[in-house]
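Residues or ranges marked as N-linked glycosylation site in Swiss-Prot (evidence: sequence analysis): 116, 139, 293, 431. Residues or ranges marked as signal peptide by Swiss-Prot: 1-25. What Swiss-Prot lists as transmembrane segment is 489-505, and the listing cites sequence analysis.
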């Protein structure tokens, strides 16, 4: 362990020791989201359990990834759909991103897919909030904090109803509602909007696009979150908006870091924990250690399109397999679909792989990823250059940011050929600049006084100890939109200026009439007398 690692461990230990007088074991209600969202919040739950806290994870009976484990109590509630229906609506739309060229049709399909998934979350939330017995049981359990992912903020509604402080754990939200809810400054002049693929240095036309692009997505958010707002209003017996629900958060734990995201202002209750999923790196199992050792001097390439992609269209899978067979490295490909008939000997298909552990191995040469934030951070943490094949959502923006930093190459999964993938892999493996750039990002990312996991746990315990964090809440929440932008002050000052100008103008006009108007009349009367 180097001195930097020792200091990080020491700072984490000191932070823990400082918290010990107050950390007598609290009760944490966890309301996670599905998929990779659960995988990182799960590490926080495990660490809270290790520090003596009792965690209850609340989840629907029908889930894909959330399973009972020994470091938390799983509390489920019935929902009005089957696992097959849920899988179809959660995962089925992904096939479109391999088959449909980018067009208005694809945009509409994407919006429809988001709406379908949101419909399932609304049904799940309704199943919870209308479960009177469960709600009463939770209310009597005296939880100290609710830890939840607000991407679909059912957990935030529950925290409001239980009158328990909430800690939000997230990467981002639809329509970037996290910035509206926290009143973070968000000018479109230099802060790129989600899905625009803009950087923080924009041309005039980029800024026009940046301002207009969010408009249709605001409509989508209004539709998607409107049902939740009505559910919340019924439960709370008063009219509430989604933004008001989100403002209940005491602290926002954001899986962000400025080595990955563009610099921008944030509020004091927004804490960066980017790279939290890199914390638990373990030794490889005998199976994977054997694969890595057999790769020889050429090393390995890790390939995963995430937990949500289970199958790729046959033609595209064969193109990928052909490209992988052309490079000397050993390919470890996480894939659960039909085995491509042209799969080369250097490519090993596995149903699951320890992605972070493999990327941390010295023989890791490249990482083929769909550009999900978890994978990107694991690539940064371990200093492995990337070939990125974004499929949907913020993955496009993630890939753009890494490409602009010279840490990877982006491919269009719809248009790429076997030659394109082969060339991209050879570029990031053989061109030393990619390795140097990703190592520089890795060094910047790791140069911090405390590990993200320790920081996340500290803030959850902080909210428990102090029953919230109202002192971090900016007064901007209490202002109307025109007060926030000082439009009333501007209007008042403008009225004063106009009044002064009007008075000066009238005074000058009156003075001119007095000075010159009388002389004119005298001259006219004198002329009339001479005639």
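Cβ atoms here come from the backbone N, Cα and C positions, even for glycine.
Shown on the structure are the features that Swiss-Prot records.
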residue	record	CB count, 10 Å
116	N-linked glycosylation site	14
139	N-linked glycosylation site	14
293	N-linked glycosylation site	13
431	N-linked glycosylation site	14
- What's the CA to CA span in angstrom from residue 431 (N-linked glycosylation site) over to residue 116 (N-linked glycosylation site)? 43
- Item | Pairwise Cα distance for residue 116 (N-linked glycosylation site)/residue 139 (N-linked glycosylation site) [Å, integer] | 31
- Message: Whole-number answer please: how many Å between the C-alpha atoms of residue 139 (N-linked glycosylation site) and residue 293 (N-linked glycosylation site)?
- Response: 54
